[in-house]
Amino acid sequence: MSVAVQLGIIVVYLLVALAVGLLAYRLTEATAEDYYLASRSFGTLVLLFTTFATLLSAFTFFGGPNLAFSAGPEWLIVMGALDGVLFAVLWYVIGYKQWLVGRRNGYVTLGEMLGDRFGSPGLRGLVAGVSLIWLFPYVMLQQMGAGEALVGLSDGIVPYWAGAALITAFMILYVVLAGMRGVAWTDTIQGLFMLSIVWIAAIWVLAAVGGLGSATGSMLEARPDFGSFGGGLYTPGFIISSAITIAFGVTMFPQINQRFFVAESGAVLKRSFALWPVLVLLLFLPAFMLGAWAAGMPIDVAEGANVLPVVLNEYTPFWFAALVIAGAMAAMMSSSDSMLLSGSSYFTRDLYRPLINPDASASREAWLGRVGVAVFATLAFFASLLRPGTLIEVGDTAFSGFALLALPVICALYWDRTTRSGMIAGVAVPQIIYLALVLIPTLPRSFGGWDYALALMVLSAALTVGVSLVTSPTAESDASRFAVAGD
Amino acid sequence: MRRSRRDLVWIPILAVLIVFAVPWPLWGVDLVVAGLPVWIWWHIVWLGICSILFWRFVASGAWERGMGFDPSVEGGDRP
């Protein structure tokens, strides 16, 4: 009975989100700039929350508390430092300039921006292709998260595949129907919803276990090592490499990077940047501490299950637990629909049109973008059934893959002397090496807690600069495309 | 483009903000204050400080001068 009510709450929540998307769809104009960027019209609240909700995925909402539960609350520090501070600074460093040149030259995607600057459809396609490769595991991650969430909530009555299938269906429906405006509107609602619900959950659980001091006290009784900073999994190498690869990786995520283009004004960008650390902290603190406190609670978390739903089922009414899971599903959906939307713009604008069919009509392009979304999400769904690793492992792989793009892009944005060959070498070589490290299981991924991706990031910068210095700019490249001096 | 030397002070400030968002000086400390490990309080206070200093940074216009961009040409981008 209660499982049926819980499922009902989740489905109703997803339908409400869909309704908001449809409302926004009615306002969407039939241009790519409006479908993908909502005509660059976002104010502070919408920009802040759409970036926020897009960033918060299954990785944050379930993976985070799981890790805090098994390894200690230091995960709060890792994620706070990288998402709250390092990402914010990178957002300003990369995003501000991208926003300026994007507004001036009408760019919709990262690949388009670089392709135009260097006069190279090949570079454009390369950046889009690399991005789509790493987007795949990240979409999968959301489906895995949703599947596991429903298993946890329903005590296994709803099988894993059904939860994953449910979110896949909603994701596809959503992106096909609504564009960026719809996605951003629901993101804003969902961001506010998640933020309030997770605080209510924390207060509810704390009240049930006898307050903050007693929750921390029982946590330390069960796991004395949780009280001291560092130790166990959390070596300096792990903290630094996670923080750097994830923060740089996030800036190159198609769905995050595309949001660099959408601010209505510079003032919006500045307000969002300054509010960001506090907003991030407000969500991470209750979510991850709930996971850590759970270590001292008399609950039974099955192997591979998510800790958050178990805690909520134990200490809060079943309808409230369902609301939180709905919030988490919403987090995954708002990440996934943004990913698929951005992925579809990368595919149609940077790969299909320039390389396969330059004469495609706008309606053919729009149709193809939507079919692409359905195919991509369905393939990721089947891959997610294999469950190739934990949420954190799958997420980390994708983050590092994207992080390898960041330094060449910063180079292109700020150094006029960057050449096309420098960019292609700086993007392609580290990607090939990293793909080999990921796909060949016998090769090691880290050395003493330090992720090899960090070394590959250094390689990407060295190759971009080095090859640029020994080659000369091609006739088609035009550094003035990225100039921002008042003209 | 005045004040460009004073703008450089933001580089060490931002670097310190990023580096010490992780409470390195409290490595291995297991003191609990007001119901939470003390290094979690450090992090909470630190992110608050970040917000305040980020605000000062964007208001200073240092980054625009660094990019060679003059917001007054493109209309009021002041926060």
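Residue positions begin at 1 at the first shown residue.
Cβ atoms are placed via backbone N, Cα and C, with glycine included.
Whatever TrEMBL says is automated annotation, not expert-curated.
Residues 150, 153-154, 158, 166, 170, 173-174, 177-179, 181-186, 189-190, 318-319, 321-323, 325-327, 329-330, 333 of the same chain lie 6+ residues outside the transmembrane segment (A:6-25) yet bring a C-beta within less than 8 angstroms of a C-beta in it. Positions annotated as transmembrane segment by TrEMBL: A:6-25 (among others).
For A:45-63 (among others), the entry in TrEMBL reads transmembrane segment. Long-range contacts of the transmembrane segment (A:45-63) within the same chain, counting only residues at least 6 positions beyond its ends with a Cβ under 8 Å from a Cβ of the stretch, are 79, 83, 87, 138, 141-142, 144-146, 148-149, 183-185, 187-188, 190-192, 194, 250, 255-256, 259, 262-264, 268-269, 271-272, 275-276, 279-280, 283-284, 287, 306, 308, 328, 330-332, 334-336, 338, 390-392, 395.
With a threshold of 8 Å between CB atoms, the same-chain residues lying at least 6 positions outside the transmembrane segment (A:75-94) that come near it are 55, 60, 64, 67-68, 229, 234, 239, 242-244, 246-248, 250-251, 260, 269, 272-273, 276-277, 280-281, 284-285, 288-289, 291-292, 406, 409-410, 413. Taken from TrEMBL, the feature transmembrane segment covers A:75-94 (among others).
According to TrEMBL, the feature transmembrane segment maps to A:123-140 (among others).
Same-chain residues lying 6 or more positions outside the transmembrane segment (A:160-180) and placing a CB less than 8 Å from one of its CB atoms are 11, 14, 17-18, 21-22, 24-25, 28, 34-38, 142-144, 146-151, 186, 258, 262, 329, 332-333, 336-337, 340-341, 344, 370, 373-374, 377-378, 380-381, 384-385, 387. Here TrEMBL flags A:160-180 (among others) as transmembrane segment.
The transmembrane segment annotation in TrEMBL covers A:192-213 (among others).
Residues annotated as transmembrane segment in TrEMBL: A:233-253 (among others). Tertiary proximity for the transmembrane segment (A:233-253) is limited to same-chain residues at least six positions away from its ends with a CB under 8 Å from its CB atoms, namely 55, 67, 71-72, 74, 77-78, 81-83, 86-87, 90-91, 94-95, 110, 131, 135, 138, 339, 342, 396, 398-403, 405-407, 409, 446, 448-451, 453-454, 457.
Per TrEMBL, transmembrane segment is recorded for A:273-295 (among others).
Sequence-distant contacts of the transmembrane segment (A:315-333), counting only residues of its own chain at least 6 positions beyond either end whose CB sits under 8 Å from a CB of the stretch, comprise 2, 5-7, 9-10, 13-14, 17, 53, 56-58, 60-62, 142, 145-146, 149-150, 153, 167, 170-171, 174, 186, 190, 193-194, 197-198, 200-201, 204-205, 208-209, 297, 308-309. The transmembrane segment annotation in TrEMBL covers A:315-333 (among others).
Using a Cβ-Cβ cut-off under 8 Å and counting only residues 6 or more beyond its ends in the same chain, the transmembrane segment (A:398-415) has close neighbours at 90, 93-94, 97-98, 101, 110, 114, 117-118, 127, 130-131, 133-135, 137-138, 141, 244-246, 248-253, 422-423, 426-427, 430-431, 434-435, 438, 451, 453, 456-457, 460-461, 464-465, 468, 482. The transmembrane segment annotation in TrEMBL covers A:398-415 (among others).
The transmembrane segment feature in TrEMBL is assigned to A:422-440 (among others).
Residues or ranges marked as transmembrane segment in TrEMBL: A:452-471 (among others). For the transmembrane segment (A:452-471), the residues of the chain that approach it from at least six positions outside its boundaries are 240-241, 244-245, 248, 400-401, 403-408, 411-412, 415, 417-423, 425-427, 429-430, 433-434, 437, 444-446, judged by C-beta separation under 8 angstroms.
Here the transmembrane segment (A:273-295) sits against the transmembrane segment (A:192-213); at least 3 CB pairs are under 8 Å, leaving out pairs fewer than 6 apart in sequence.
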